[in-house]
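Asks: For reference, TrEMBL lists these features for the protein:
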BINDING   Q92, C93, Q94, P224, Y225, G226, G227, M228, E229, R504, M505, K506  peptide binding site
BINDING   H253, H257, E276  Zn(2+) binding site
ACT_SITE  E254  active site, proton acceptor
ACT_SITE  Y341  active site, proton donor
DOMAIN    421-548  domain 'Peptidase M1 leukotriene A4 hydrolase/aminopeptidase C-terminal'
Amino acid sequence: GRAVQTVFLTTLDTKDLKVSKVTANGQAAKFTLGAKHSFMGTPLEITLPFDLSRGQHVIVEVTYETAPSASALQWLTPEQTAGKKHPYLFSQCQATHCRSMVPCQDTPAMKHTYYAQVSVPKELVAVMSALRDGEEPDPQDSSRIIYRFRQPVPMPCYLIAIVVGALESREIGPRSRVWSEKEFVDKAAYEFSETETMLKTAEGLAGPYVWGQYDILVLPPSFPYGGMENPCLTFATPTLLAGDRSLSSVIAHEISHSWTGNLVTNKTWEHFWLNEGHTVYLERMIGRSMESEQFRQFKAMGGWKDLQESVNTFGANNPLTNLVPNLNEVDLDEAFSSVPYEKGFSLLYHLEELMGGPEVFMGFVKSYIQLFSYSSITTEEWKHYLFTYFKNKVGILNKVDWNAWMYTPGMPPVKPQYDSTMADACIALCKRWVKTKEGDLGNFSEVDVKTLSTHQLIEFLSLLLQEVDTPHSPPPQPCEEDAGSSKWEDAVPMALKMATEQGRMKFTRPLFKEVYNFDKYHEEAVRVFIVHRAAMHPVTANLVAKDLKVDTDKST
């Protein structure tokens, strides 16, 4: 027969990257870029210039530059920072934006260590989702400094992260520093002072913390999320410093990801609930240890309300509300919601009740983390282990309607009976307020609110806002968004100001949507968005454009 010519190819994901050269072990390699997909980018196919033998190491070097529009990166001008003097760069790779920053196998199924050297102007500081490994003057340019990083724990590439800016840091614990511009750094150090206690609590529940350092970076206001669990360096929104109720919950959540998500990872984004449901479960177990079981119940009730709202937004028949959705040809940014978080938590809480309570079920979660550490897994593997671990209770597990939980849209098939003690106190105070006539306000004193925790106080105010909402308004939204839903015209400029002064999507999208749905201010919402669009984070701008039905072509 004829000799078969084997061609050794490797394919990497890229998005809007300009590739100029590829070498393999120093030799020039042929490369081609495939067809461009609307949101997944362009495959980079590299042909190796030599045959491979089993076990042979190949170093592939790709010379490239990113596009100004790279979806993973936001380049801020000095005016967009707190210090107003220097530019600022930050990345956000989850779910599939890493390919716009680095040619990579952009899937959570693959894990790798990484090393990096970053050259920046010497007034600036670079940090990454890795251990800091020294710095030195740039031998090629005396006005620059090189920062070195290493991440020895294998991780998926959506956790690669970089920030460059006029950063300062403060020590907040034996393995933790807080990083931000100097304007925020002392306030941040104060706000995040409980970090080590939370880390120790998490270790008690889930096993040793393997990432060495746990730092927190407070980003500029345009960061699109509340937090991001980048290893060694959690990213946090500055809205947390503005007395946001979720400060301790967000940090407990990101700390929990060090086990569920970063150590045990969803193999594909369909199984995102494995990351988020377990992380919410662990976050609330930390809350239980540090506060009380009633506090955990209160947070769980709030989570159920958030889930109800997501289901209402998507529609109860929308397959994106499945715990395990089909994401074929779905832009993951558009699919993002509280469903994997709160439907995932509800399932785990339901199983906890069936299997014998929090201590028993946490034993399973810890064992699951140990077994699947350093790997990426699917729902089937998780479920198989659940049945193995609780082999004496298989009869009970078989009665669970798995199909309804996993593959059916809408609310879960079972609503847990959460303890409402803490929530009832908020409802009772709200009822008293609503019933009181103007002249009788003397019946209220500081004592009424002194007994409520901050979390309860926010819930009380949220309930109060729903009560005073005008009758013709749409269904009440949670408190952050009420400036829009109350249809108070004076609130329109405030709503748009808040929507543009910070870019946390949890606030920005509903605020724009509410003003847009207010017929009289429909055009104003669009006008304000178009004015601010260029300064917004690329993912946020893209989603708000879709919400407001503005042409989403990037060139406009």
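Backbone N, Cα and C atoms are what each Cβ position is placed from, and that goes for glycine too.
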Asks: Can you figure out which of Q92, Q94, G227, Y341 (the recorded positions) comes closest in space to E276 (Zn(2+) binding site), comparing Cα atoms?
Replies: Y341
Asks: Relative to the Cβ position of E276 (Zn(2+) binding site), how many further Cβ atoms are located within 10 Å?
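Replies: I get 23 for this one.
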Asks: What other residues of this chain sit with their CB within 8 A of the center of the CB atoms of H253, H257, E276, the recorded Zn(2+) site?
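Replies: Residues close to the Zn(2+) site, other than H253, H257, E276: E229, E254, S256, T260, G261, N275, T279, V280, L282, E283, Y341.
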Asks: Given the model, what does the mean pLDDT over the domain 'Peptidase M1 leukotriene A4 hydrolase/aminopeptidase C-terminal' (421-548) come out as?
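Replies: On average, pLDDT over the domain 'Peptidase M1 leukotriene A4 hydrolase/aminopeptidase C-terminal' (421-548) sits at 73.
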Asks: Please give the greatest C-alpha separation between any two of the peptide-binding residues Q92, C93, Q94, P224, Y225, G226, G227, M228, E229, R504, M505, K506, in angstrom, as a whole number.
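Replies: For the residues that bind peptide, the greatest Cα distance is 18 Å.
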Asks: Measuring Cα to Cα, how many Å separate E229 (peptide binding site) from E254 (active site, proton acceptor)?
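Replies: Approximately 5 Å lies between the Cα of E229 (peptide binding site) and that of E254 (active site, proton acceptor).
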Asks: Given the binding-site residues Q92, Q94, Y225, M505, which lie close to H253 (Zn(2+) binding site), meaning Cα to Cα within 10 A?
Replies: none
Asks: Other Cβ atoms within 10 Å is the metric here; tell me which of the recorded positions Y225, Y341 scores highest.
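Replies: The residue with the densest Cβ neighbourhood is Y341.
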